[in-house]
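Chemist: Okay, here's the structure, questions in a sec.
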């Protein structure tokens, strides 16, 4: 019987390594796919590990710039903070992973793709809805969700099948990381009353360990895209990585969040997003300088919906594509420089400038240079307040009657 091919999203961890053996038992040839999203892993080692465990082919693809420009950039421009806190670190990477799974599956003639998600997380939804959107004819296999083993049973299976067991298996934490940040759950973090231990963090320093002197960074934007730090041009991925180091040193971007998952439960997550939080803050300030009031007041409505769509795994939905078009239109004049102070866990905007600035000092000033037409205020107030005045007159008559 000829074996079918399956493309597996491979991380190098225990779950996806065991999944290779498990899929072999189901008569599949496994093609492993590992993406470099900027998490800092030794991906060459991961690629070789997949082959040693039993994959017939192993891909390692650097997608850092694609992730930065096609995914993180939109999140920054839409100021996506789920429930006001979470910058969608993992949620942003899942549609890109799904896209590459489908591309490799079609290239290799595979009939199925597989992922290592459990049956109680958001990621299974994000992967599978994205895959259905891109190629509804591919079978999707979720080994971890199907086998329902305990951790002990999984380790026993790994030992029986000569699957290498990671040396960090005793770590209580479940970690996911990419350019946009780092998420951490499980272990003591499952108690929402417990303070996160310092070893739960990696990208940021504790406040007591941060410098006692602030650091200033000037971020340059072109049509809504961050392009420079302190006058030096970077690719977007490199800019994000550089800013992660700068802001992380000052403790910026630590987030402790009890969030409402798509699957109906609450979970406690600890995030580190130094660059994401700094860029979102700076970008919002530049928009405040360059957007007319109507756009500035309406855009948050769109931002909220975009955030929900991405969190819920609907990156490739028609509505998200339509809202993205609106978002892109709003970025045309978001060009300028923002000065940010990094200090003791805060990214504080202290200055902003733009050739498209709608701030007119001659209209705003209260000095002798004031050019605002004060006399025009009388007629404006009369017309603006007319509906309220008429309503009050009508209702007062009824009360008097």
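The backbone N, Cα and C atoms fix where each Cβ goes, and this holds for glycine too.
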Chemist: Given that Swiss-Prot lists 9, 10, 11, 12, 13, 14, 15, 16, 17 as binding ATP, which residue among 84, 109, 116 does it place in the same site?
Modeler: 116
Chemist: Pick from 86, 157, 201, 234: which one does Swiss-Prot list with 122, 126, 174, 183, 259, 271 for the same L-citrulline site?
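Modeler: Swiss-Prot lists 122, 126, 174, 183, 259, 271 binding L-citrulline, and from 86, 157, 201, 234 it also lists 86.
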Chemist: I need the most crowded of these binding-site residues: 11, 17, 122, 174, 183. Count other C-beta atoms within 10 angstroms of each C-beta and give me the top one.
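Modeler: Of the binding-site residues 11, 17, 122, 174, 183, the highest Cβ count within 10 Å belongs to 17.
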Chemist: Across all chains shown, how many C-beta atoms besides its own are within 10 angstroms of the C-beta of residue 9 (ATP binding site)?
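Modeler: So the Cβ neighbour count for residue 9 (ATP binding site) comes to 23.
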Chemist: Check residue 118 (L-aspartate binding site) against DSSP and tell me helix, strand or coil, would you?
Modeler: coil
Chemist: Sort out the sequence-distant neighbours of residue 15 (ATP binding site) for me: same chain, 6+ apart, CB within less than 8 Å of its CB, listed by position.
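Modeler: Listed in sequence order: 116, 143, 144, 154.
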Chemist: Using Cβ atoms only, which residues of the same chain lie under 8 Å from residue 13 (ATP binding site) while being at least 6 residues apart in sequence?
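Modeler: Within the chain, residue 13 (ATP binding site) has Cβ neighbours under 8 Å at 116, 166.
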Chemist: Just report the maximum Cα pair distance in Å for the recorded L-citrulline binders 86, 122, 126, 174, 183, 259, 271, no decimals.
Modeler: 19
Chemist: Write out, in the order they occur in the sequence, the residues of the chain not among 118, 122, 123 that have a C-beta within 8 Å of the mean position of the C-beta atoms of the recorded L-aspartate site.
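Modeler: Output for this site, in sequence order: 117, 120, 121, 124, 125, 126, 263.
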